[in-house]
Amino acid sequence: MSQANGLCVHQLLEHPLKAGGPSVETAVDDLRKRVEGKEFSDIIDDEGHQYVDLVLQGGGLLGIALVGYVYVLEKAGIRFLGIAGSSAGAINALLIAALGPPSEAKSEKLLKHLALLDASQFLDGGFFARNLSAAVSRGAGKLSILSQAAFVFPGLVKSFGLHPGRKFLSWLDDILDSEGVETCEKLEARMSVLPKGLRLRSNRDDEEARKRFKSRLPGRLAIVAVDASTKTKFVFPEMADLIWDDVGAISPSRFVRASMSIPYFFEPSRVECDHRATKAPRWKEYGYEAELPEHHLFVDGGVVSNFPINIFHATDVVPFAPTLGVRLGMERRAPDLSSLGGFSAAWIGSARQALDFDFLYNNPDYQHLIGTIETEGFNWLNFNLGPEEKLQLFARGAEAAIDFLAGPKSENGASSKKRMGFDWGRYKALREKLAEADVRSKDMQLPVPSPRSNLETVAAER
């Protein structure tokens, strides 16, 4: 592995948060003062950490921005119980789970693996496949891309992808091996190491709450992929027993390899099913009653849910901890539909995001939980990101997290009056109102209104 063109963690932390501004490290030091004593969750430990669930959006090579966001959350004393993601978000999610027990900060380790990575090594297809990928990465013209595509078409027809993805899998396996979590059983054991003194705040600590709190431990990993063979949205590892007999013995890298299989770019992840006949009843629980295929072809989880923000959602309750979401770029902008390519990209993007957008529309309270990293101007398929691009992406992730936690600063250095950052108390009050509205509807045996209509009712009451 290369040293990412000489980049090191120190350079990332010393890079300006934005042009002409303080370094990331200086801005984070300032943030810690601004949020000292601020509550972000009702789950805490003896070290003063606050625990949340975290959902990371997929975005190809833009994943370094997610590391910047996570770095800031950790520096603010936030740790993670549930961790979920698709595609690049799945890579980050697995590594956060694998690089230490829940109470430990992982982002600096994560930086060493991702920020210092030469991602071009993952392009392990043939000569023409690598040339075509390079053309796509640098944004070459359509004629150049089409002319090179002609050389790879026969192989694409045979294998359904330009690159086997074996080098990616090997890279991830090496990391898991070095951390001693090369199997699902060992990873689960690591995630089950509960932080010392993990508990609810005293204002939430009653007998019923303790039972509900205990039922959500230990933390949960959720990696989203799509099984094209059965048209099934998979959430690993909880659905892994649909495929494997001994889930504990396999490597969790298999889940991420499935989730990052960008259609036509990487070959689908092909998995043989253990003892198909015995698994039919389990498949019926997920609505699949046809004959099971001999093997399963997994493609990028982002095909159906690139931002699986619904994964930890629980209705009718006030959560003990928020589900924080990290989004890569604003995705509901009007696209350029003046060309066939633009139209194709638009409808494919619509299909990828429809489930996530539908959930967010029906649960508008989640707008309080999501931070958005501005990634305009970066190519998510650029496997040759240069040092400056990595520095900028990391800084943008850090800036987005600072703004989310404490609100953006005005010109005089004070927090903006328009937005003071995430307010856990206000969010809990909102969820309590929504839960009460749901209970009233059920008691009256009325059709349960959507959370959106409940939210509008809450707003009217205020």
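Any Cβ shown, glycine's included, is placed from N, Cα and C.
Please treat TrEMBL annotations as automatic predictions, because they have not gone through curation.
Annotation source TrEMBL lists active site, nucleophile at Ser87. According to TrEMBL, the feature active site, proton acceptor maps to Asp300. Under the heading domain 'PNPLA', TrEMBL lists 54-313. Sequence annotations record features per position, and here TrEMBL assigns region 'Disordered' to 441-462. Sequence annotations record features per position, and here TrEMBL assigns motif 'GXGXXG' to 58-63. Taken from TrEMBL, the feature motif 'GXSXG' applies to 85-89. As annotated by TrEMBL, transmembrane segment applies to 54-73, 80-100.
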DSSP three-state assignment for the residue listed as 'active site, nucleophile': coil
All-chain count of other Cβ atoms within 10 Å of Asp300 (active site, proton acceptor): 27
Rounded inter-Cα distance in Å - Asp300 (active site, proton acceptor), Ser87 (active site, nucleophile): 6
Residues near the residue listed as 'active site, nucleophile' in space but at least six apart in sequence (CB under 8 A): Gly58, Gly59, Gly60, Ser259, Met260, Ile262, Asp300, Gly301, Gly302, Asn306
Confidence summary for the domain 'PNPLA' (54-313), mean pLDDT rounded: 94
